[in-house]
Each structure stands twice: as C-alpha cells, then as structure tokens.
Amino acid sequence: MPPACNAPPVTVKTGCWSTRSGSDPVNRFRRIMLGTKVVPDDPTSHPSIPLPFYFSLYFLPVDRMYMDHYEHCDTRQDGPSIEGASEVDPLIPLDLDLESDSEAQERRLLKKLDKRILPILCLLYLFAYLDRSNLGNARLQGLPGDVLGGDPTGVLFDWVNSAFFFTYILLQIPFTVLSKYYNPRIWIGCSAILWGICSLSMAGAHTFTSLIIARLGLGTFEAAFGGAVVLYFSFYYTKAECGTRIAYWFGFAAVAGAFGGLIAYGIEHINVSIANWRLLFLLEGTPTVLLGLLCLFILPDRPESTQFLTAAERKIAISRMNRGTSGDFGAVVRRSHVIAAFQDWRIYVGGVIYFGLNCALASLSAFLPTIIGTMEHEDAMAQLLTVPPYAMAGLVLIVTSYSSDRLQIRGPLLVCTSTIGGLGYLILLGATRQQDVRYGATFLITSGTYSSIGLMNAWFSHNLGSETKRAAGIPLYGAIGQIGGILGSHLYPLTEGPAYTSGFIVSASLLFLAALCALLLSVSFRLDNMQRDKEHGKPDPDDMVDTSELADKAPGFRYVP
C-alpha cells in the first residue's frame, strides 16, 4: 500500500478544467473509473489550448492514487501538472538508483508480471481474433445462404468482412491516445465486454445491414483494445523482453486460427435447432464477455499505481520503464510528441510494411478455409485442415521473436519472414494441380505472415522514444496497415476460384514490398545509432535517457535495428 499522504488536496490543471482529490464527494461511477471529481475552471485563463478541446478534456481523467503518489512533473505545455505535490515522492525517488536490487529480485518480479499479465491478455486476443475472423468458417456453414440471399458472386460477404476495418482504422489512433488517461484494466476490460456483445449480436443477424452494423461495432471496440495492449506491454517490459511477450500475445492469433477450425469442425457435427454458423458466433462471443469482466479485477494498472505490486516491486518496475528512455509517463499527453509521430517518415514506412502484412493476414483469416476447399476437400475437412498451418505459424512466431529479443534485431528477421510468406503465395500461384504442394505453401504463408506482424509490433513498441509518441505512432502505422485488411477482404471473389490468380499476385507482391521496406528501416536505424555513437559515445543500456523533450531524437536514445 502507498504510504499515507497528509498533504492538502491536490489540484490537477488540464488547461480548462481542474481535478480535485481529497475528501470531496464523488459520483460512484467516476470514482470507480477515474478516482476523481471534475469541476469547471475558467477557460479564459488558459488561452494556449484551443476552445474546441475544452469539452473533450472533461473526459480525460487522472487517477487519484496515481496523482497523489506521482512525482512532480511540469507539463504545462503538453499535459496536466500537479500543484502541491511533494518534491520527493517516497515511492518514486528522483535518482531511481536501485543498486540494492539484485538480478534475482528482478527475475522474480518478471515472473510475477508474466503470470498475471500474459494469460489474461493472450486469452483476450485469442477471442478477439476468433470474433474477428470467424466469418471465414461461418461462410462454409451456410451464412451467405441464410442471410445474404446466397451471394453467388461473394461481393456481399466481402463487404461484411471488410466493414470491421472501417471503424478499426478510423478509431485506433484516438482510442490509443485516450487510453493513457484511463486505468488499463478498465479500458481493456470494457473494450472486451463490448466487442464480445457485438460478436454475440451477429448470431441474431437476419439481414445484410444487421451484419454490417455488428461488424462495425466489432471494429470499434477492438480498435480500443489492440493499440492499447501494445502500449501496455511497454509499461512493464524492457525492449529486450517486449518482443517475446508480444509474440506470445500475438501468437494467440495463430492459435485462434487453429482453434477456430477445430470449433467449426466440431459444430459441423452437432445437431441443434439453430444454424451452425449462429451457434459458432454464440460459442466464440460468450467467453469474450466473461474474460472482459475478469480483466476488470485482475489486470494490473500502471506500475506506479497498481496494488498488485509491493512498494519495492513498484520501485523496480518504474526503474525498468526508464531504461534507455524516460519521459511522459502516466496521464500526460505531450502534443509535441503527437505531432512528431505524424511527422516521422519511419512510421509511414512501417505503415507500408503493415499494409502488406495485414492484406495477407486478412486474406488468410477469411479465405484460408475456402482456398483449402479448392483442393477437393469437403467443407468439414477443409475446416480441420486449417489447423496445422496455424499451429506451425504460432511456433515459428515464438522462435523468431525470442531470437530477435536475444539478438536485439528486428529488421533482418522481418525481411526473412516476409520473403518466406511471399514465396508461399508464389507457390500457390504456380502449383495449380499439385494439391500437396499447395497445402504445403499455406504453411509458408501463415508462418511468414504471423511472424512478420509479431516482429513489427515489437519493433515499434520501443523505437519511438516516449510513451506519448508510442501512443500516437503505434496506432498510426497500425491504421495505415489495416487498410490492407480492406483490400485483403476483396482479393478472393468466388468468381476467380479456384485459381485466385489476382489475389495470390497481390499478396505476394505486398509481402515482398514489406521485406524491402523493413530492410530500409533497419539500415536507417543502424545509421542513426552509428552517428549518435560517433557524436556522443555509446550509452550504457541500463542508463535512464531523458526523452521527455525529444522522444527518440534524444542523443542518448538508441534504436533496435
């Protein structure tokens, strides 16, 4: 528990509103969500913030415990500041000198974090991906005939599949930035509950419009989840650990592909009064809601405010956050870092990489059962045959991400995995009659694509310097990349089956383009590191680097190439 604080109530000024803590009565809902009470302040006294932002700032909360026990931070230009905070916080000392903490203590902390964080987040992503991609299985179970009037051309199904990406793309950036102001367990848990409800609603769809609305809602709430989780990992894991943890998390997308095929195969053999595809949505949506409720109670909040850790463990966790960087932690958004994210050419190149990877991924999730079905297999067997390629993808993803953490390289491995995925599509394009060869090519495609996306997420999670730039930059390249998901949803119309020549050519080309862009980024990061080493000398990897002003442009900051 944090030490008792006898200081007067703290006032947090956000530019046009003030948040007072202490003994003031608070609304129960806002107390649970935010731990604060918001009262109006005089907007004319803060002319530096544009008037249209005043209303939105009402919804940008500050956790009471977090503010009562957070070190003084002067962010009058870019975020909330604290008046009356003690100069030396007993939980977060200014020097962060932890010489008394041994490596054994840190290893114990890491195991404790892994046991609490990874299971719940991995299971959430498993069902997020099941809820996102189960349309491909539902297609073989009769959804087009029941709801889309048969859909002989496959166009209506393509639009239902791609509707998810429209809201996902539009909302990922603002939602990830907003997530900095809320307790992670509340933000992530509520997102899961709401997208689970959207998935359940698809079981009751009877028209094309109702399916579209449900998919738009699914994209909305999964947008609040994906970027926030990648940002959340950077709260607790260093850049030498983040790649493997993100791989475990994203690897459950591959598990979802395999698991979804098994569930669909089992449902094919169940005799119930409702359509099999409706039962599929019910079985895969219900656990999501339950996991979201569980997340509200067990997921740790930020290191400086969580009660899951002891005071000594919080001290170590905060020190780990500051290795190689330090800056705008907590309920602070630096506008200069948001602008820097939108001006960083590397993020847009990362978006091109992610575009190609997501195009291939969307194609896989929605159409792999259909592609395997062209190999003269029955629908039920086609569902089952999707399992081994996804299982292989999960294994390769873990191996490549672990290697990237140990070697502290991302780009070269990303070049290799993207190229492997592209070669898989070329094999599908060329081997039109050899069914065994075509099936083997799906292993290359799933392994290359999933491994590449895992490496990509880990690459940018620590290469953007500050928390605000990560909160803006990660969803920015992600939003660009998700446009590839829309394209991938339209690459395999039934009229082009069973050859699907256009889809295979486009997917292969984009994966090769991703490999070239990854090579460009890796070389660029290496050149910047060499230039900074030459001008400022090599830094100690465990040193705290001040990135509060310049983010990743700080002289002491080094990229993972």
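Cβ atoms are placed via backbone N, Cα and C, with glycine included.
Annotated in TrEMBL:
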type: TRANSMEM; residues: 117-135; note: transmembrane segment
type: DOMAIN; residues: 117-526; note: domain 'Major facilitator superfamily (MFS) profile'
type: TRANSMEM; residues: 155-174; note: transmembrane segment
type: TRANSMEM; residues: 186-206; note: transmembrane segment
type: TRANSMEM; residues: 212-234; note: transmembrane segment
type: TRANSMEM; residues: 246-267; note: transmembrane segment
type: TRANSMEM; residues: 279-299; note: transmembrane segment
type: TRANSMEM; residues: 345-368; note: transmembrane segment
type: TRANSMEM; residues: 380-399; note: transmembrane segment
type: TRANSMEM; residues: 411-431; note: transmembrane segment
type: TRANSMEM; residues: 437-460; note: transmembrane segment
type: TRANSMEM; residues: 472-492; note: transmembrane segment
type: TRANSMEM; residues: 504-525; note: transmembrane segment
type: REGION; residues: 532-561; note: region 'Disordered'
type: COMPBIAS; residues: 532-541; note: compositional bias 'Basic and acidic residues'
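Shown for the region 'Disordered' (532-561): DSSP residue counts in helix, strand and coil, namely 8 helix, 1 strand, 21 coil. Remark: the transmembrane segment (186-206) contacts the transmembrane segment (279-299), by the rule of 3 or more CB pairs under 8 A. Here the transmembrane segment (437-460) does not lie next to the transmembrane segment (279-299) in space: the count of CB pairs under 8 Å, restricted to residues six or more apart, is fewer than 3.
Confidence across the domain 'Major facilitator superfamily (MFS) profile' (117-526), taken as the mean pLDDT and rounded to a whole number, stands at 88.
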